[in-house]
Amino acid sequence: MAELLLGVNIDHIATLRNARGTAYPDPVQAAFIAEQAGADGITVHLREDRRHITDRDVCILRQTLDTRMNLEMAVTEEMLAIAVETKPHFCCLVPEKRQEVTTEGGLDVAGQREKMRDACKRLADAGIQVSLFIDADEDQIKAAAEVGAPFIEIHTGCYADAKTDAEQAQELARIAKAATFATSLGLKVNAGHGLTYHNVKAIAAIPEMHELNIGHAIIGRAVMTGLKDAVAEMKRLMLEARG
């Protein structure tokens with residue numbers, strides 16, 4: 001059974017800050033509190049439109065984090081150049097559309113193998129570990145292994161958005177099967193998107209899961225309970241799921 005880690009996404013601290021054009025709340029301070037509460041890493045998505053996290057945030061976080069930085073980004077020349085210069089510990093390559101509210105699905109790695117292979121190599125040559133954000137699909141998982149990514153992050157949005165218990169159980173089984181298949185190919189398996197305090201335990205209980213990246217639910221809970229308690233409670237639920 002893989003060690004289970006929690007990556008806390010702090011994008012929406014920046015969303016709150018940018019809503020008023022102020023210097024607060026500060027994502028760097030939020031990252032420090034999350035680390036104190038047990039976060040194993042900090043995830044930020046530097047979007048092309050800079051709607052929340054900024055280049056300055058990325059630079060300061062890379063210099064100040066005690067744990068690991070996971071930079072989510074689109075596969076563009078601009079973002080690859082920023083990553084190579086900043087050298088986060090991890091980069092998670094994601095699809096990105098300007099009009100979307102949040103990432104809506106996984107990368108089509110199988111349909112753009114050469115582009116993904118080049119991106120993975122460029123990042124790896126800079127000493128950055130790469131994960132590909134993909135759906136729980138065997139063809140995409142095979143393609144991820146073929147292009148040289150050591151990690152995948154399984155998109156859990158369909159599981160999180162399931163309208164019935166039966167639909168959620170079906171999505172859970174699909175994710176579990178995908179995690180087993182990916183592990184058989186030598187990939188390490190992360191997961192994220194839409195995970196909350198109500199649905200995280202079933203995903204955390206999947207033996208092959210290495211890390212869960214969770215943001216919106218934690219920041220939403222933090223508004224009510226405080227960020228430290230929110231992170232600590234999420235970590236407790238994850239570890240409890242492992243017995």
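Residue 1 is the first one shown; counting continues down the chain.
Cβ coordinates come from backbone N, Cα and C, glycine included.
According to Swiss-Prot, the features are:
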type	residues	note
ACT_SITE	H45	active site, proton acceptor
ACT_SITE	E72	active site, proton acceptor
ACT_SITE	H193	active site, proton donor
BINDING	N9, R20, G194, G215, H216	3-amino-2-oxopropyl phosphate binding site
BINDING	D11, H12, R47, H52, T102	1-deoxy-D-xylulose 5-phosphate binding site
SITE	E153	site 'Transition state stabilizer'
Integer Å distance between the CA atoms belonging to H12 (1-deoxy-D-xylulose 5-phosphate binding site) and H216 (3-amino-2-oxopropyl phosphate binding site): 7
For E153 (site 'Transition state stabilizer'), the one of N9, D11, R20, R47 that lies nearest, given that the binding-site residues are compared by Cα: N9
CA pair H12 (1-deoxy-D-xylulose 5-phosphate binding site) / R20 (3-amino-2-oxopropyl phosphate binding site), Å rounded to integer, equals 13
Find, for the listed recorded positions D11, E72, E153, the residue with the lowest Cβ contact count at a 10 Å cut-off, counting only other Cβ atoms. D11
Among the recorded positions H12, H52, H193, H216, which residue has its Cβ surrounded by the fewest other Cβ atoms within 10 Å? H216
Residue, out of the recorded positions R20, H45, R47, whose Cβ gathers the largest set of other Cβ atoms within 10 Å: H45
Expressed in Å to no decimal places, the gap between the Cα atoms of N9 (3-amino-2-oxopropyl phosphate binding site) and E72 (active site, proton acceptor) is 10
Fewest other Cβ within 10 angstroms of its own Cβ, chosen from the binding-site residues G194, G215: G194
With every protein chain in view, how many other Cβ atoms are within 10 Å of the Cβ of N9 (3-amino-2-oxopropyl phosphate binding site)? 25
Sorry to bug you, but what's the C-alpha spacing from H52 (1-deoxy-D-xylulose 5-phosphate binding site) to H45 (active site, proton acceptor), rounded to the closest Å? 8
What does the structure give for the C-alpha distance between G215 (3-amino-2-oxopropyl phosphate binding site) and E72 (active site, proton acceptor)? Integer Å is fine. 13
What three-state secondary structure does DSSP assign to E72 (active site, proton acceptor)? strand
Here the Cα-Cα span from R20 (3-amino-2-oxopropyl phosphate binding site) to H52 (1-deoxy-D-xylulose 5-phosphate binding site), rounded to a whole number of angstrom, reaches 12
